[in-house]
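Each remark here refers to the structure printed beneath this line.
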Amino acid sequence: MKKIVTLAGDGIGPEIMAAGLEVFDAVAQKINFDYEIEAKAFGGAGIDASGHPLPDDTLAAAKTADAILLAAIGSPQYDKAPVRPEQGLLAIRKELNLFANIRPVRIFDALRHLSPLKAERIAGVDFVVVRELTGGIYFGQHTLTENSACDINEYSASEIRRIMRKAFAIARGRSKKVTSIDKQNVLATSKLWRQIAEEVAKEYSDVTLEHQLVDSAAMVMITNPACFDVVVTENLFGDILSDESSVLPGTLGVMPSASHSESGPSLYEPIHGSAPDIAGKGIANPISMILSVAMMLRDSFGETAGAEMIEHAVNKTLTQGILTRDLGGLANTKQMTAAIIANL
């Protein structure tokens, strides 16, 4: 039996978590997948329960889980507080050594009109951004004085090698192309990044490697996003480019993500926030959460059939014109969830 720890969090988190688990249970019955759920407080809910966004019992449960589902964190009441929900996310990434953030970017045909790009620009877009999550300038030394400031960007060969291998492994199961993004013409870290990328490429002779400078890649992501298959880059560049890629579908409501460690549990979550303005109204779009469940089935448990079942059901539901308000429709959370289950 697989143990899944759920972190419903704040805002619309509990509502979309319930939707995700409802779909998960329906699929689990169809594929005979045996599991148990352990729900834990996290984010603002963790602060309310224990004074910390990542309570000790939540962390202990997460460390022994086979996978972790996170819905959403954040609440206006903590915006100016010394202890904030977002600190829990940074803490759990560090404690579980979640070094690889995986963000799929796919355009659903039924939602093409929502994209800010012309139809011909987004046709065929289906790529994955692989972002190194625990190294680089965010985790370097930061110095600030009255007249100067300094941030240290540091990467080791081993840190680069493991994220590269993750990207190449993902590409091997897709269209076998990796685009490594750096700033090799200026930065020493990028020179090492490119060197290690070339070394790892030799281990995956069936996968094509290309390099792009980050400024060029940012431009191509708008002018020709369909050219990408797997994009891999360091923490700062990945933070920016993954957010850029998230606007291509025209909505955050259909985008899941995963964060992987080397040997421990992975964490799956929507990329959108807690949307406190609509919390409790029953109108939140659950698709990002539901697709995060699909990612969990595929990546953590090897249940490709179950993952595809969910993805096909979501696509069919959207094609039928069943849309939540953020997508231009009238369906509420429960109606969208029920429609997806009916289409499994």
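Heads up, the Cβ atoms here are built off N, Cα and C, so glycines get one too.
The substrate site in Swiss-Prot is built from Arg93, Arg103, Asp215 plus one of Arg131, Arg172, Arg174, Arg194, namely Arg131. Of the recorded positions Arg93, Arg103, Arg131, Lys183, Lys281, Arg131 has the largest number of other Cβ atoms within 10 Å of its own Cβ.
Within 10 Å of Asn285 (NAD(+) binding site), counting CA to CA, the recorded positions Arg93, Arg131, Lys183, Asp215, Asp239, Asp243 contribute nothing. A distance of 13 Å separates the Cα atom of Gly273 (NAD(+) binding site) from that of Asp243 (Mg(2+) binding site). In this record, NAD(+) is bound by Gly273, Ser274, Ala275, Pro276, Asp277, Ile278, Ala279, Gly280, Lys281, Gly282, Ile283, Ala284, Asn285; the longest C-alpha to C-alpha distance in that set is 16 Å. Using Asp239 (Mg(2+) binding site) as the reference Cα, a 10 A cut-off selects Arg131 from the binding-site residues Arg131, Ala275, Asp277, Ile283. Counting other C-beta atoms within 10 Å of each candidate's C-beta, the binding-site residues Asp243, Asp277 are led by Asp243. The Cβ of Asp215 (substrate binding site) lies under 8 Å from the Cβ of Lys183, each on the same chain and at least six residues away in sequence.
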